[in-house]
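*Asks:* Quick one: this structure, given as structure tokens, is what I'll be asking you about.
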Amino acid sequence: MPSHQAPAREETGAQPRAGAPAAGTARPSRARPAWLAGALVVLAASMVAGLLGGAADISPWQVVLQAADWLPFVHVDSGLTPVEQGLLFELRLPRVIVAAVVGGLLAMAGAGYQGVFRNPLADPYLLGAAAGAGLTTTVAIVLLSVPGNAIPVAAFAGALGGVFLAYALGHSAGRGGGTATLVLAGVAVTSFLTAVQTFIQQFKVEELQRVYAWILGDIGGGWEQAVMVLPYGAVSAAVLLLHGRMLDVLSVGDEEAASLGLRAGRVRLVVLMAASLATAAAVASSGLIGFVGIVVPHVVRRLAGGSYRIVLPLSLIGGAAFLVLADLVARTVLAPAELPIGVVTMFVGAPFFVAVLRMTRRTLT
Amino acid sequence: MIEARSVSVRLGERDVLTGVDLGVGRGEWLAVIGPNGAGKSTLLKAVMGLVAHRGDVTLDGRPAARLRPRERARLMAYAPQTPALPADMTVFDYALLGRTPYIPYLGRESRSDREIAASVLDRLDLTAFAGRRVGELSGGERQRVVLARALAQQAPVLLLDEPTTALDLGHQQQVLELVDRLRRADGLTVVSTLHDLTVAGLYADSLLLIADGRAAAAGEPAEVLTEPLVGRHFDARVRIEPGPGGRPVVHLVRGGT
């Protein structure tokens, strides 16, 4: 240890009980109400913006009134015509909700994977989970004609398979595996699974258009899509949110976690399953939307702290807001044409990924 | 307090430990010494139940293998040689991890858990650091923070793997004095590996010399720290003199003449 650090420590150590300033900090990290409230306000604002997007003759205030009117037991006159109301309710609202749910799930799944692998670069997209889910979903649609509501189950199997492959590959490639090894393995798995998936989708040319649209991120499926993703999303979100403290314990490593009486393997498995279910639900409904799982948890950590008890709930809310806004951009930037939403998230996410990579290189090793 | 009988550990193709016995009474300090790669750390992990091993370990008369992980964690706390410190976590959160064996699986810590963590930080003069991120601490501070986490477990046994590695002289003394003080105050039983033989002889009640995965000698410091034993097992030329309190002091001997 450099000796020049000693005096500084001596100084601070010499006056320990002097004041009470530290007393206020002596509480565990938890998503503070202020942060939660702030995140919810951001989410609400982005949802209103999402509902507005593109329509010139609807004012934000009318959207807020109309949104209030949709709430049970609340009746407000928004002054919108039935056609405008129909547009909002049948097209925009489900779209915003699907974007919010999918974004929240992807961000939270990313945070969950990061906790399981103790790797800030883990992400459903980069780990092979999304590609695995994409492959099995394509197989389910193109080859097996599986009914729509069973597709997330197929996607779940694929997501787990993808993560397992990436992990096994990363583990065999580099013992102890640096943070980059797992991601490199994930990229290899993703490329391979995507190639297989592309091969299969070419089987049925009449499905090609649909599969393509879905793969690049399609959230315009209306209420049906929202209903499909919600139950799986709710289960995985509940499980992940309950495991925040466990992931904090896991962050000291398996051996120490075991010395604290934790069965690390079991916690890993449960969180891995939940994160993969969240990924599967998101991918099955909306295709491959990359980098949400890296961008959002990372921003949350910077702003609110590193404990998973904070990172998980705030990632859920932040991811929802992020994808709603990404969808807004996708719809408006080339209007009247639409950009696939996955393109928008990658545009933001890829540079971000490089930034995170640089930072981890500096702090780890 | 701890009895281990013929502990053997095999990692891959290599026998890391072969038939090692270990015994330490309540409130005593046992130092495990030995050359690099002798199996000191592995012995500690075997006692803690972190590596697969043969042989019996009993804790306070109870077979350790039959304890559930949480029960064992309430009896023994372990601080590894190079702890993984989550850089973003606050010092208080990190110390609170020591309460894990008392918190229900999906539950959250109670008020008393928080108070215990706070009081441990206070005892180690870390209260001023409670809100700091672990990644911002200096080496000496980190060592104390790891100790704080182990103490928050309120286990009667402390297993410390090289608690003074990478610390300068003053910080070494500070940490060792701290462990010694806590041991006397709370009647803790301490098992630690220590690479500095003089330091081991100074603080420990008894020493266990491990060489090549076997127990080469065990007993009071003056019985284990002898010129023939140290010379043979460490492959070193040393002179050993009785120091203050009859505790042996180990000197290196320079030159070939």
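Cβ atoms are placed via backbone N, Cα and C, with glycine included.
The feature region 'Disordered' is assigned by TrEMBL to A:1-27. According to TrEMBL, the feature compositional bias 'Low complexity' maps to A:13-27. Feature annotation from TrEMBL assigns transmembrane segment to A:34-56, A:96-113, A:125-144, A:150-169, A:181-200, A:269-296, A:308-333, A:339-357.
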*Asks:* Tell me, please, if the transmembrane segment (A:269-296) and the transmembrane segment (A:125-144) are in contact, taking contact as 3+ Cβ pairs under 8 Å between residues separated by 6 or more positions?
*Replies:* yes
*Asks:* Is the transmembrane segment (A:308-333) in contact with the transmembrane segment (A:125-144), using at least 3 Cβ pairs under 8 Å (sequence separation of 6 or more) as the test?
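*Replies:* Contact between the transmembrane segment (A:308-333) and the transmembrane segment (A:125-144): absent, because fewer than 3 Cβ pairs are under 8 Å.
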*Asks:* State the non-local partners of the transmembrane segment (A:34-56) in its own chain: residues 6+ outside its ends, Cβ under 8 Å from one of its Cβ atoms.
*Replies:* 63-64, 66-67, 84, 87-88, 92-93, 95-96, 99-100, 303-304, 310, 313-314, 317-318, 320-321, 324-325, 327-328, 331-332, 335
*Asks:* Below 8 angstroms Cβ to Cβ, which residues of this chain, lying six or more residues outside the transmembrane segment (A:181-200), approach it?
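*Replies:* Apart from its flanks, the transmembrane segment (A:181-200) reaches 117, 119, 121-122, 125-128, 130-132, 134-135, 138-139, 142-143, 162, 165-167, 169-170, 173-174, 215.
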